Amino acid sequence: VGLIYMFNLIVGTGALTMPKAFATAGWLVSLVLLMFLGFMSYMTTTFVVEAMAAANAQLRWKRMEKRKDDEDEDSSSGVSDSDVLLQDGYERAETRPILSVQRRGSPNIFEITERVEMGQMASMFFNKVGVNLFYFCIIIYLYGDLAIYAAAVPVSLMQVTCSAMGNHSCSVGDGTKYNDTDKCWGPIRRIDAYRLYLAAFTLLLGPFTFFNVQKTKYLQIMTSLMRWIAFILMIILALIRISRGQAEGHPSMAQLSGIRNLFGVCVYSFMCQHSLPSLITPISKKKHVNKLVLLDYILILAFYSLLSFTAIYCFRNDTLMDMYTLNFTNCEIINVAFIRYFLGLFPVFTISTNFPIIAVTLRNNWKTLFHREGGTYPWVVDRIVFPVITLIPPVLVAFCTHDLESLVGITGAYAGNGIQYLIPAFLAYCSRKDTQLVFGSGTVNKHLSPFRHPFWIVFVLIWGFSCFVFVTANIVLSESKL
């Protein structure tokens, strides 16, 4: 179940922008880069699992030390033994994780039984500067996420409704390139329709940022189900079109100009490191967790390849949309109106359920970043200022641009690079150092990454920093050409 959750988490919005990125970079370059980035993402996933085990060991050790101190104090004070036993038994029942209660015998000190989020691991293993950089990276990534979501929903609504209501019904994916200044319906231009939908989206989902989002289980189940139906439908429809000899795609082997966006999209599409504590901790038997995660990555890699290759051979490069679902709103591709509208509006349903959750996560990260020990925020700051600074920037970005491929590319290439490569590598390095200091050099972490040699950490760090340089240089060069 944990691995199904991980699959659902990784295969998200990023996958919908992948076919266009594949087409612009060439099929061979895309496949090689996708496989390499999948391998890199798997490696850093094992680093995070290792850091989680080290964090659990440290928390368990501190608890044992505290218990020893409390026992020493109790023996010197006049408290009766029965009082101590009753209180200690109650506290252990309340604080001990459910999973470890089910096991017999004393668990290994490195057993992952307590959920330790990335922010908590950063505060345990990093210095103050490192912790602040970690939160800065997470916040930038979540802002990018929200901007992508805030743009994707109005884009889908604009494309579907402008086609349905305008003179060019059914022609979203027929290769006609529409400008933002083209008429949508009546005097309303396409860009005006987009901004109207963005305003409606902000007014409907924005208020959730001011509250806590809970009880989303059924929403998530519905979203996952719809996602699977949509992805399978798109693959089957593209395969049918190819088998009938109606395929129009002639993808090139390599186009270096498209690598920047492809890199960002691929990094964004393998993102799961920040959610691993919630996914891995509830799994009861973690002995083979690294092998099972590897299987997950192989399946995801196969799925992305299947989706992208069927897309680039089915559709011409110039007709592939930023949001791949919009290619299936053309009557020639599928003549069943329900399926056309279901795929065209698919991002609206799925993204709308995720937007409030990510907004609340970002708001809470802002609170944690500025939180001081023992301090509380005034009501206005807590309930008004933090939600407003969470909501306004991504909506402004979405107002200025709806170029989804670039938004996904930049978010993945910068903040995604930090979360997926740099932070896990630093966590693995610092947790290993701390483990040796606390437990001695002979102690072996049972969840030690298969990439345990220091070379791999250095390799990931060099790769991460060189990606920053490469993407920045590419942006500067392309801007100077313009």
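Using N, Cα and C of the backbone, Cβ positions are placed for all residues, glycine too.
Helix, strand and coil counts under DSSP for the domain 'Amino acid transporter transmembrane' (6-52) come to 44 helix, 0 strand, 3 coil. The domain 'Amino acid transporter transmembrane' feature in TrEMBL is assigned to 6-52 (among others).
Taken from TrEMBL, the feature domain 'Amino acid transporter transmembrane' covers 119-448 (among others).
What TrEMBL lists as transmembrane segment is 27-57 (among others).
The transmembrane segment annotation in TrEMBL covers 125-144 (among others).
Sequence-distant neighbours of the transmembrane segment (194-213) (same chain, 6+ residues past either end, Cβ-Cβ under 8 Å): 150-151, 153-155, 157-158, 180, 188, 352, 355-357, 359-360, 363, 383-384, 387, 390-391, 395, 398-399, 402. Per TrEMBL, transmembrane segment is recorded for 194-213 (among others).
The transmembrane segment annotation in TrEMBL covers 225-242 (among others). Sequence-distant contacts of the transmembrane segment (225-242) (same chain, six or more residues past either end, CB-CB distance under 8 Å): 8, 11-12, 15, 303, 306-307, 310-311, 313-315, 324-325, 328, 333-334, 339, 342-343, 346, 349-350.
Per TrEMBL, the feature transmembrane segment maps to 292-313 (among others). Beyond its flanks by at least six residues, the transmembrane segment (292-313) meets 3, 6-7, 10-11, 15, 18-19, 22-23, 27, 30-31, 34-35, 38, 41-42, 45-46, 49, 231, 234-235, 238-239, 242, 247, 249, 251, 269-270, 320, 324, 327 of its own chain at Cβ-Cβ distances under 8 Å.
With a threshold of 8 Å between CB atoms, the same-chain residues lying at least 6 positions outside the transmembrane segment (333-362) that come near it are 12-13, 16, 139, 142-143, 145-146, 149-150, 152-153, 156-157, 159-160, 170, 172-173, 201, 205, 208-209, 211-213, 216, 219-220, 222-223, 226-227, 229-230, 233-234, 237, 241, 323, 325-327, 387, 390-391. The transmembrane segment feature in TrEMBL is assigned to 333-362 (among others).
What TrEMBL records for 455-477 (among others) is transmembrane segment. Under 8 Å from some Cβ of the transmembrane segment (455-477) lie the Cβ atoms of residues 40, 43-44, 47, 259-260, 263-264, 413-414, 417-418, 421-422, 424-426, 428-429, 449, all in the same chain and six or more residues away from its ends.
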- Message: Which sequence-distant residues neighbour the transmembrane segment (27-57)? Criterion: at least 6 residues beyond either end, Cβ under 8 Å.
- Response: 21, 109-114, 116, 118, 120-121, 124-125, 251-256, 258-259, 262-263, 266-267, 270-273, 276-277, 280-281, 289-290, 293-294, 297, 300-301, 304-305, 308-309, 312, 420-421, 424-425, 427-428, 431-432, 434-435, 438-439, 445-451, 456-457, 460, 463
